[in-house]
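Undergrad: For reference, the structure I am asking about is given below.
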Amino acid sequence: MQTARNKAWSFTWAIPALALLGAFVYLPLVQNFGFSMVEWDIYSGSQEFIGLENYRKLVDDPIFWSALGNNLLYSVISVVFQVFGALVLAALIESIRSDRWRRALRAIYFVPSAISLTVAGLLFYFIYEPNLGLINFLLDVIGLEGWAQPWLGQESTAMLGIIAMSQWQGFGYSTLLFAVAIQRIPSELHEAASIDGVGPGRRFFMVTMPLVREMTGLMMIVTISGAFQVFNEVMVMTSGGPNNSTQVLVTWLYRSGFVSNDFGYAAAIAMVIFLVTLVIGLVQLWITHKRKVEW
Amino acid sequence: MHTRTRLTAAAFVATSALLLAGCTGGGSGEPVDVTAEPEYSGTLSILSKFAGDPLEPYFEDLAAEYTKKHPDVKFDLIQETDQSIKDKTKTLTASGALPDIYFSWTGDWAENFVGGGLAADLSKVIGPDTEWGKTFGEASLDAFKYDGKYYGVPLYNNGKFMGYNKAIFDEVGIPVPTTFQEMIDSCSPIRNAGYEPIAFGNKDGWPGLHYLQQLFAYNVPADVLKADFVPGTATLDHPGYEKSLKEFKTLVDQCTKSGDGTNGVLYTTAQEAFSAEKAAMYYQEVLEFDTVTAEGNAITADEFGVFKLPVPSDPAGDPDAIEGAPEGYLVNAKSPRAALAVDFMKFVTSKENAAVLASPPYGQPSTVIGAVTNENSSAAVYEGISQVNEASQIVIWLDTVTVPDVAAAWLAGGEAIIGGSSTPEKVLESVRTASDSAR
């Protein structure tokens, strides 16, 4: 009886947090789903229920699909660089015997992550600038002026230019997290593998990778869901242009709502983003949980 | 992590949801009485497009002066730039938090607020027959006229002109071009002399639309053009559109430094190139004239000249049209301080304050009759605004005259033409599709 009362009492402490979570996370989610089924004129305030029409419109919208494709490209490249690339780099840095060098390299790789995305976007906008930018200047200096491009000004290179900046900005953060995970691996495991004659490459695959699996899973979730929520860097560098070639889901949501005044359609895009990131998160958590390694 | 992912995504969705949840039912309630005697107390909120140098102090000074006259009136001044005010206005509209007085372009932009019941009918105080209305040019008042009623306080007039550097033209030995082809032909000798012929940055898309709209006015008959701005009557099949798109592409390819990469250059970068005397020409608004020749810039007011974008051969439209529009302020139809808002705007547009606005460093050609003179305005501003006043018609900016979806299609099309990824035919097809969908 006493235990049950204690349990009930302890639950009351969670009520404020649950109320806040409900009011600011779950209620707006439900509301947003409702908004995605109306045609909403922000000027008159009028709302007309149109069912799933906004979702049908999504299917027929070529820019929506192109934006989704850009998000997928963003995800794939981010996973390659910010998950697997960062893991390899972290392993290399942690294998360095000199403490001083190890610390210095960690700091060097981490510095870009300390810069805000908006600032980094602006910085790279000017690096890519066709007339005054650093890249075209350097290409000119080394005699490769023929390779100079209007990097963000043409459809073929603009999206890749934004993704490259994003990798530069996020790489150090992932590397640092992997370095922490690698440091947690008992040194005896690496020493035992060395005594058995296992080389550094195989040690990476046989010891390091399995033992940082949870961190890898976590980084995959963060990276992929982050890639579907990209906004700042695109707005700063290209605003979704030229000719909508760098639209991603969130910029298309923004444009639909704030430029085309179609807030119902924007809400439908928001639901798609939510569902995509939720499904990816659940699948990855399930995989990571199934393969949990303990030592 | 599960929670974090869901929270992140949910927070994103929540932002849009909360924004929309704040909407108020526009158009309802009793209309405000703008003719009432103002009560000189409370805080008057204003959303202006005067952020940054050199414009920012203008409204700040006026607010301070007004408070001196009426100590119980305070101001909540939100100042935005040309780019940021679009988002700010829509955010405030969607959340039902429009200020008492807010900036507006003419055309479809203002019509949305009028249609939504968010702009007070000012006919009784600013109509052409009223005391206040008689201080403005009638064309300026008409720019904010919808269904026979007057909704806006036009603050300054505007038009687009090709600014040119007289010293560079003299050095290269070329005259001011009188036809579009002469302007294109002048680009090669200017380039050979080491200058960028026309500075142009189209990162934001709308600078390209300004060229296109002026060319459309020249190449498409006025009545056809007007009908094509409205999705319900648009056909967008006049050959003048295709001709204009081709002429625009020629200008970009032959006269700009970045050519098909111009979409990667900022408008302000282009302006700086012109101000630094690295470029011979730069297509700009009257509002910018005093900025490019401001103290500290290489180009001086004496070296700065303006001419209308030259007319192409065989124009099917109106060769005397000029692209531009007055810009002004609307009074919130739901404001409990509407009468005070009107009183403040009368103060802003008094002849004395209008003259200050027209003078350097502001250089905003006031719509108040007699405010822009040879004495108080720079020569270029005076010439530009005189030409605007004498034009056979003023054609409103393409991105504000038509509905957003059609404007967006023109914007993407302009960028595609510059980058060479689309043809004029395909661009027109996409604009027609957008226009048909908007019906």
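Any Cβ shown, glycine's included, is placed from N, Cα and C.
Taken from TrEMBL, the feature domain 'ABC transmembrane type-1' covers A:68-284. As annotated by TrEMBL, transmembrane segment applies to A:12-30, A:72-93, A:105-128, A:158-182, A:211-231, A:263-287.
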Undergrad: Return the stretch with the most CB pairs under 8 A relative to the transmembrane segment (A:158-182), choosing among A:12-30, A:72-93, A:105-128, A:211-231, A:263-287.
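TA: When the Cβ pairs under 8 Å are tallied, A:72-93 comes out ahead.
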Undergrad: Any residues 6+ beyond the ends of the transmembrane segment (A:72-93) with a Cβ under 8 Å from its own?
TA: 102, 105-106, 109, 159, 163, 166-167, 170-171, 174-179, 181-182, 204, 208-209, 212, 216, 219-220, 223-224, 226-228, 230, 248
Undergrad: Using a Cβ cut-off under 8 Å, which residues of the same chain at least 6 positions beyond either end of the transmembrane segment (A:12-30) come close to it?
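TA: Contacts of the transmembrane segment (A:12-30) (Cβ under 8 Å, skipping residues fewer than 6 from its ends): 274.
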